[in-house]
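K.L.:
Here's the feature list from Swiss-Prot:
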BINDING   Thr11, Gly12, Gly13, Asn124, Arg164, Ser195, Gln291  UDP-N-acetyl-alpha-D-glucosamine binding site
Amino acid sequence: MKSIVIVAGGTGGHISPGVALAEVLTELKEKIGYENLYLYSLVRNKNNPDLEQAPCPVLWHNLPPLSSNFFLFPIRYTIQIIKTFFIFKKLNIDVVIGMGGYSTVSSILYGIFFRKKIYLCEQNTIPGNVNRLFFRFASKVAFSLPPKNSKIPCDYQVLGNPLRKKTIPKMSLKFFEKYDTKKKKQFNVLVMGGSQGARQINNIVIALMSHEEINKQFRFRVLTGSALYEEVSKKSKKDAELISYSDNMKEHYEWANFVIARSGSGVLSECAAFALPMILIPYPYAKDDHQMANAKYFELNGAAIVVDQKDEDESHLFRVLDQMANDVNLLNDMSISSLECSHVDASKDTAKYFFSLD
């Protein structure tokens, strides 16, 4: 075996598990027996903190977005595919690991045309279009969550979403703090909208903060997303704790008693590792409604409560928060269920599965 490439483009939901897998593969270099390991990502991700801290060289490509000029898109796309072929041939790439998304297409096509090993990682219960298209060409597929349709035309296992080392808690067992309701302690609520932020969630929480009874029982820390920070700052109270972006999520997970978030696989996996109960507001316009499917998995397993809405009315979330504040046993049970859904060793398990290691 000569070289391995991990193709992780798109959003943080593809990049972070790709870098996590690279961390483990770097440690297993001698066991696997490869010479070189690379990450392959879109040029627009050059400032991504995970890629800036990657444990191996990062190669960049400029695959045009699907929204590009209708007439120029096929030409630009073909040129980038050819460039990928030349780069990978020069580097003697023998194994292609795709983390999902349209930006993996050129790399997977290389694997197909030159008969190289192809391994795929699928983060969602409803697979993305690109992975679905290429499942039959893959030697193995690692799912983060159980697929909704079990008829996958290749060898697959459900192993969890690879987590960065810096995100994994020191203790693999962390149960929810048992609250004494007589102390009337405030609950710490971490609010997240994913790697890009979420205007809907930000606005709902800002509206909640205007209710005095909510402020008495809950303390909010809102990760707004860099692009939405100024907007939220203007709308929120002066004492609101707002953070545009954080590269140290471990600190926030350890602070939180529960989470309000979207339901991308990365966020769900990290919250589960910290045994955090979740209130999930799935992105209503996600492809194939995959965020709702992810959220329902955690709800069915007792780790989450799903709030299904497209508007910014806070009344539904108000009722859920009131329920949680007055039922500590519910929170404790959700915490244990959340931990039971976790896969803190997903990175190592995925590497061992792909490369048939004991």
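Backbone N, Cα and C atoms are what each Cβ position is placed from, and that goes for glycine too.
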K.L.:
Could you say which of the binding-site residues Thr11, Asn124 has its Cβ with the most other Cβ atoms inside 10 Å?
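P.N.:
The most densely surrounded of these binding-site residues is Asn124.
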K.L.:
Across all chains shown, how many C-beta atoms besides its own are within 10 angstroms of the C-beta of Gly13 (UDP-N-acetyl-alpha-D-glucosamine binding site)?
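P.N.:
The answer is 24.
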K.L.:
Near Gln291 (UDP-N-acetyl-alpha-D-glucosamine binding site), how many other Cβ atoms are within 10 Å of its Cβ?
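P.N.:
Within a 10 Å radius of the Cβ of Gln291 (UDP-N-acetyl-alpha-D-glucosamine binding site) lie 26 other Cβ atoms.
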